[in-house]
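Student: Residues or ranges marked as active site by TrEMBL: Ser33, Lys76. Per TrEMBL, the feature domain 'Peptidase S26' maps to 23-94.
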Amino acid sequence: MKVLVWLAPGAFGLMALRWVRRRWAVIAVTGSSMTPTFHEGDRVLARQRPKAFAVGDVVVLETPGSGSPPVRRTVKRVVAVGGDTVPEEAAGLVAAGAVVPPRHLVVLGDNRTLSADSRHQGYFPVDRVFGLVLRRLG
């Protein structure tokens, strides 16, 4: 009987940990495309697989990479969502004034001169969003 007293809280704790790990993630920022908001090595808390996005949100995107792992995560700011018009500052591969397709985003780095973003890669499908940044940690 004493074993059950200890097993129940332990099992609950493991289930709670699993639930938390499926919903939130700690991401390390690499590069300087988001300075001055985030710097190389900053750690951010992200809610995984958000359902909705708004202009101004900071998101973690999964982009194809050539190394190991084959998917790279990058942090960018949403400047337009499906149905919005592409702002002038995001013009490049996507035309300013074009309407963003449904379930797509236009994203930019805060440090425009050092950011590979929608100006170079076009629209980002919302399926490639890993998470929504909630806050910087530490």
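Backbone N, Cα and C define each Cβ position, glycine as well.
The structure displayed is predicted, hence computed values, not measured ones.
Map the listed features onto the structure and describe their local environment.
Tutor: Long-range Cβ proximity for Ser33 (active site), meaning a same-chain Cβ under 8 A and a gap of 6 or more residues, is found for Thr74, Val75, Lys76, Gly109, Asp110, Asn111, Leu114, Ser115, Ala116, Asp117.
In three-state terms derived from DSSP, Lys76 (active site) belongs to an extended strand segment.
Across the domain 'Peptidase S26' (23-94), the prediction's mean pLDDT works out to 92.
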Student: Count the other Cβ atoms sitting within 10 Å of the Cβ of Lys76 (active site), across every protein chain shown.
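Tutor: Its Cβ has 27 other Cβ atoms within 10 Å.
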Student: Please list, for the domain 'Peptidase S26' (23-94), how many residues fall into helix, strand and coil according to DSSP.
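Tutor: Summed by class, the stretch gives 4 helix, 30 strand, 38 coil.
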